[in-house]
Structure formats: structure tokens, C-alpha cells
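Asker: Straight from TrEMBL, here's the annotation block:
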type	residues	note
TRANSMEM	C:12-31	transmembrane segment
TRANSMEM	C:43-64	transmembrane segment
TRANSMEM	C:84-102	transmembrane segment
TRANSMEM	C:134-150	transmembrane segment
DOMAIN	C:151-450	domain 'NADH:quinone oxidoreductase/Mrp antiporter transmembrane'
TRANSMEM	C:156-175	transmembrane segment
TRANSMEM	C:187-211	transmembrane segment
TRANSMEM	C:231-256	transmembrane segment
TRANSMEM	C:268-289	transmembrane segment
TRANSMEM	C:301-320	transmembrane segment
TRANSMEM	C:327-347	transmembrane segment
TRANSMEM	C:439-465	transmembrane segment
TRANSMEM	C:477-499	transmembrane segment
Amino acid sequence: MTTHYLVLSALLFAIGAVGVLVRRNAIVVFMCVELMLNACNLAFVTFARQHGNLDGQLIAFFVMVVAAAEVVVGLAIIVTIFRTRRSASVDDANLLKY
Amino acid sequence: MGETITFWVLAVVSVSAALGLVFSRKAVYCALMLGVVMLSLAVLYAVQDAPFLAAVQIIVYTGAVMMLFLFVLMMVGVDSSDSLVETIRGQRFWAMIAGIGFAVLLALAVGQAAIGDPAGVTGANQRAGGNVPALAELIFTRHVFAFEVASALLITAALGAMVLAHRERTRPRPTQKDLAKARFVSGYPGPLPGPGTYARNNAIDMPARLPDGSVSELSVNRVIARHDVEDGRLPDDPELAEAIRQAAAEEEEHNASIAGPKEDR
Amino acid sequence: MNGAIEAPTIEYGQLMPMLLVFGAAVVGVLIEALAPRYLRKAIHVPVTLLSLAGAFALIILQAVRDGVPEQASAMGAIAVDGPALFIWGVILVLAFISMLLINDDDQFVAQAAAVPGSPEEEDAVAQGGAHTEVYPLALFAIGGMLLFSSANDLLIMFVALEVMSLPLYLLCGLARRRRLLSQEASVKYFLLGAFSSGFFLYGMALVYGFAGTVDLGGISSALASVGGQDSLLYIGVALLGVGLFFKIGAAPFQAWKPDVYQGAPTPITALMASGTLVAAFGAVLRVFWVALGNLDWDWRPVMWAVAILTMVVGAILAITQTDIKRMLAYSSIAHAGFLLIGVIATGDAEQNSGSLSGILFYLLTYGITTVGAFAVVTMVRDAGGEAGHLSRWAGLGKRSPLLAGIFAFFLLAFAGIPLTSGFFGKYAVFAPAVSGGALGLVVVGVISSAVAAFFYVRVIVLMFFSEPAADGPTVALPSVGTAAVVTIAAAATVVLGVFPQPVLDLADQAASALFIR
């Protein structure tokens, strides 16, 4: 059963990574990153059961704390740039090309 | 057996929701799909003897994080759907290939590893008298420093949101008296004239005529006027069309004054 | 229930430098909350600078009085060993001088929430508004750097990574001029940073699945005892590597560096280019030497490729740049490649401590020179802010020979010309690498330094041997802080270039006992 859970987590992680690469809306890109973090948590919880120690569950808990803080900062930054440009597309963020 | 059924149902649900997150064009759908993934994972945590995490997942992720996402989406405009134009040619194709390759690699790596039967966390839970006390013991002993340092993250997040979003008032707030004065000074103290709906048309975008027969451009909503001009829906009467065009031009000007950031400042 | 939890032991004495920095950051937040606006800066500056200096003094006290601890502190979460103390010292020195730059007025936005170019912004500028929140944010970032470089398990490393990064994401977006560029840099840095920390985390999950623990020492001992799950380990290590390489800006994960360095306010760029790089190398060394030291035959070939690619990309792309900050960013990428040579050159204990001491010395010399170079960049100004474009720097040597001379000297130090600190830095890393069997890498390193030197010399020629433009940039009269930064950096570059022995000895001493497990 462990393998099943791990394959599921790997799939979710890969889908999230593809989403980051193909989506253009900064908020959606960020949601895909959150999907990746969730996939990591599933792997941690699964491995915790596999090894019979609670470190994995504990790490998953910390990941949630970190993700919550990250979401606040990230969305604040995205809202700021939206207010300036009226667009949340990463394509419009192209001033730094050389 | 029960676990197997739960797993397969939720696996299908969460993977299709994840795919929906990547492929649906509307950002709000994406957020809802992400919510579905998070809820399914919460159930999978509960199945895997992690009741505390299941609760935290629902409270923190679906409760707080997803709400924040939705909140921001509503703020920046729900209709902000993604463009499907590729800016880098072939990027989407290669990203897919890379993603599929990556997924296969990860799945093979996981499948290859000779993983035995799970030890189960029941023992670890029982030693401390339950899942929550067992986690508490770990948090407050071995990983106490990580726990303390996480507070720095939370302070940073609060401070960051304040810095980026809190706008200090640089001018005194206009009182009712100021507003009333400004209104009379503007030369048009009354309410704006209503649109010409039902006078000659049944549309709200038609300007009204004043008692002397002249067209009042103040009577059309500028935003609607701009849409009319953009979509070419102007009335045949040249006088009315001119009024709508003027209102649209005013709207453009207004927009430019808000969103026209000066470069190199 | 079986009673109360036994209280953990925390070695407050050993952790005091880091706790002091975090404490000062919290005090900074309280100042924001309680002090009146006109007093805030006057309180922040002494609190920030004194806490950094105090933390540095505590490190020296610790090293002289108590010696280096033999065991990990805080229940095994943090390793305050010789290299950690040295790296802490380096980070604090770099943070202190970067902080002098941050103090400089006119670098940070008057009101971040006001849309650029709007009447609100003009009002805020006219009223002299300033975000004094940058002080606590920078202190949090510095505290995160200290923690990142001394983490003894992967969990604390991950938390430290975020503690270090989140304030930097925010600070990147607060430039006073060219605000659109700055906000864009912030979004890019944030999205890519979060993406890479996702990879770090999945790598951590797989390594945890392999070893059953995230303790670096525990992972090391699991390498020998666990069998049949190598695929988990290899993929896990690769993903951990992606996260760490992103932070040091190694190719092919370097793309964020030029954009972010260019867009961020220059004092923050100085802090990132020096402090973050030092801290990230501390973490790289811990992961690859402490946890995966016995796996070096497996990661070495990959690391070779990454190091070569990083040096080549850094050196060659630097040539095509036309913006001074982007050029320094590519130079920082190339330097990350040189440092990776040191990471690869492992062997027996003696070899390891030689390489480690070289890396420590290089980090110090490179960091100080970088802060100095960015300090010079803040002083060359146009009407619209800093004059970034290289063509604007033409003839600077005729208009302001002293400043141009100092900048030329920093560039020569980057190139590794003898009599500058850069020469001994490169020598200290390359010499152990040759004895460690990484001769090929050293050859690539020397060639790419030569390529980079070509570009540095071109900038120097541009500054001294071409006619200044009529409407060229002015050299701002430096504030006391900026002048002090340039002086300190120039002096350190000279002293470490002429008389490096005491510091080399100190690095040797710090590296002699290697990392504790």
C-alpha cells in the first residue's frame, strides 16, 4: 500500500510542477506550488507510517506552518504588482528581459 | 479492504482535480480544484493514522490558505482567465514532456525501492497516549527549536503584509462638509441625469435628452460607453453617438490617470 | 497518559549570537508598533548595528573562552562547530556592512502600498515617508542565514531556508526608483524560490523515506545500513540538490539571479549576493559532506558537471551584459562555480579540512569585495536613480578617479589578480582541489576566470580610456555609511591580498575539526 501512496504523491507533485511551467497567471502558478507542497506532505505522512516514527507527520505539520506564512507573503507581493499593472500574468512581467 | 477502496476513490478524485487545476482556464475553478485535492489528502491522512494532520489540513489549508487564495482572486478580478497564447514557442509541449518524464522517473524510483510492510504509527502513538500527545512531545522536545523559529516566519508574514498592503493616509480624510463644498464648487450640485432608458430606447447605454432637446453626455455610464465604443455598438443618431464617444474618451482618460505608471521613477 | 513531557535542553550560551539577532528583530517590530514615526529610524539603527556587532563579539567570546562544542546543540537541531562559527562570523561581518548601506537614505520606497506614479506616492515622498520595517525584516533574514548554515537536520534547514527567504522576497520589491522592475524582481524571486523549495521538500521526503530520519548524522549512518532502496536515495539527493543549487545560483538554476539582482534595491542586492551565498554554501557543505559524505562517489560526477556549467555560464554570459548589476550577478554565478570546486574536492580528513578552509576563506574575500562593489554602484547616479547601463560608466575614471579606481580594484579582485584578496581566495580553493584530484575542474576554473577577467578589464578600460558623456551620471557625495562600506571593503581587499596569513590560519583552525555530526 505504501507504494501506492507514494506513486500518488509523485503524480501530484509532477502535475504541480507542470502547472508551474505552463500556467501564466501568477496566482495559479502559486496554487500549483501549493499542490507540490501538498504532495510532499502526503509522502511524509506515508513514510511516517512506513517507518513507524512520527517525524514524518511532524515535518508535514511544519510544512503547513511554513506554507501558510509563504502564502501570505506571496499573495501580498502578487497583489502589489497587480495594483501597479492591472494584470497578474507572468508574461506581462517582462521588463527585466535583456 | 476499506483502506484500499478509499485510496482508489480518492486517488482518482485527487489526480483528476489536480489535472483540472492545471488545465482549467478560469482561476476560480483552479482554486476550487485545489480545494478538492486538499480535502482528499486530508482524508488520506486520516486513513494513514494521522488524525491531527487531517484536522490541521482542513483547518489551515482548506480553511485559511484556500480562503486567502479565493479572497485575492476576487480582489484582482474573478474573470481574469488565462490567455492560451504561448509566449515561448513549444514551451507547453516541452513542459508536458518534462513533466511526464519526471512523473515516470519518480514513480519508477518509488516502485523500484524494496519497501516492506508499513510499521504503522500505532506503537509510537500509544507510547505517548495518542497521536496528538505523541506529536506534542516531539514538537516540544526534539524539534523545539524549529517550532520556536517558525514564529519568525509568522512575524515576517504579518510584517510583510502590513508593509505591502497597508496604505497610510497622506491627506486628511475629507469630511462631509468638504464633500458638500466640493460638490457645489464643481458647478453641478444635483445628481447626474439618468440615462435615456425608455425615452426613445429600452437600453441603459442611451444618453438622455435635456428639456431643451440637447443630448446630455453626463447621463451615460462611462464604463458602458467605453464598451459600446470598443464593440462598435453605437446608435445611428450622430448626436447620441457623439455623446457616447465623449463619455468613453473620458473613461479612457480616467483609466490612464489611475493605471499609467511613470517609468523610471 | 504517561505524565509530563521532559523539558528539552537548549544550550543558550552557544546559540546566543543567533538568538540575539532574532531578538533584535522582534524588538524592531515592537519599535515599529510603539515608537513615533520620526524617532523610529533613530532607534532602529543602533539596535540593528549593536545586535550584529554584539553577536559577532559573542562568537569570538565563544571561540576563545569555551572552544568549539563537540555536540550538536538544541536537542541535536543545530551544530555550532568550527566551520559554523567561522561562517557565522563572516555572515555577521557582511550583514553589518550591508546594513550600513541599507541605512543610507533614498534607497527604499516611501510607501510600498501606493501605486507607482500615483498622487499618493508623490504625497508620501513629499512627506518623507520611509519604510523603517526594512530593519526588522533584514534582521530576520540574517537570523535565517545564521540558522541555515548551521542546521543539523533537514527540517530545521527547510524552516531556516524560508526564514531567510521570505524577508528577502519582500525586501526585493521595495526599491524607491524603478519600482516596476523592483516589484517584478520580487514576484520572480518569490515564485521561483517557492518552486525550488518545493523540490527541496520532496527531496527531503524521499531521503526521509530512505533513512527514517532527517538528522544529517542519522542519514549518514543509514547510508551503510539500509539496502534495496537506493532509488529513493538517489532521486531524493538529486531533488535536495536542485533546491540548494537554486539558492547558490548554480547553473542550470541560475536564471533568477541577474533579474533579481538588477531589480532589487542595491543594498539588498549586496546583502543577498554576500550573505545568502555564504549561508547557502554552509548548507550545501552540511548536506553533501555530513549527510552524504560516504556517497561522494555517486554525487561527484553530477557536481562536476554542475560546477563546470556554472563557471562557463557565469563567465560567458557576463560578457554579453550591458547592465552593471546584471554583470555582477553573472560574476556571482561564476564565483559559485569556483566555490563548488572546493565542495567537490573531498578525500580523507586532511584533504577535507584543506578544502573546507579554502572555501571559508574564499567566502569571506568574495563577500566583502561584492558588498564594496555594490556600494560603489549605489553612488553612481543619474537623474532617474542609479546609472545601471554600462555605457553610462564611460569615462568615470576622468570624472571621479578615486571611485573608479576603487571599483577597478574590486573588479581585479573578482578576476583574481595577485595582490588582491581574490587571488588568495582562488588559490586557497584551487590548491586543495588539485591535490584532491579535481585537476580538470581547476583548469576549467582558471580558463573561465581568464574569460571573466577579459570582461572586467573591458569595464576598466571603458571607465578610464573613453571620453565621458556630456550628460553622464554624477557621483553622489557618499553618506558616512556608504563611504565607510567602500573604505572597509577596499581595505579588506588590500589587506587580505597582501597579508592573508592570519585569516587563512583562522580558517584552517576553524576547518581543522570539520563538521560535527
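Including glycine, each Cβ sits where the backbone N, Cα and C put it.
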Asker: Sequence-remote contacts (6 or more beyond its ends) of the transmembrane segment (C:12-31), Cβ cut-off under 8 Å?
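Answerer: Distant Cβ neighbours of the transmembrane segment (C:12-31) are 40, 43-44, 47-48, 50-52, 54-56, 58-59, 62, 66, 69, 73-74, 78, 80, 88, 92, 132, 135-136, 139-140, 142-143, 146-147, 150.
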Asker: Counting Cβ pairs closer than 8 Å, which of C:156-175, C:187-211, C:439-465, C:477-499 has the most of them with the transmembrane segment (C:134-150)?
Answerer: C:156-175
Asker: Do any residues, 6 or more residues outside the transmembrane segment (C:477-499), come within under 8 Å Cβ-to-Cβ of it, and if so which ones?
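Answerer: Residues 97-98, 100-101, 103-105, 364-365, 368-369, 371-373, 375-376, 378-379, 403, 406, 409-410, 413, 418-425 contact the transmembrane segment (C:477-499) from elsewhere in the chain.
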Asker: In the same chain, who gets a Cβ under 8 Å from the transmembrane segment (C:268-289) while lying at least 6 residues past its ends?
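Answerer: Cβ under 8 Å, 6 or more out: 79, 83-84, 87, 90-91, 94-95, 98-99, 101-102, 138, 141-142, 144-146, 148-152, 154, 157, 160-161, 164, 168, 171-172, 174, 216, 240, 244, 247-249, 260-261, 296, 299, 303, 325, 328-329, 332, 335-336, 339, 343, 346, 352, 356, 359, 363, 366-368, 370-371, 374-375, 514-515.
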Asker: List, by number or range, the same-chain residues at least 6 past the transmembrane segment (C:439-465) whose CB is under 8 A from its CB atoms?
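Answerer: Long-range Cβ neighbours of the transmembrane segment (C:439-465): 304, 307-308, 311-312, 314-316, 318-319, 324, 327, 331, 334, 337-338, 341, 344, 390, 393-398, 404, 407-408, 411-412, 414-417, 426, 430, 433.
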Asker: Under 8 Å for C-beta pairs, could you tell me which stretch among C:84-102, C:156-175, C:231-256 has the largest tally with the transmembrane segment (C:187-211)?
Answerer: C:231-256
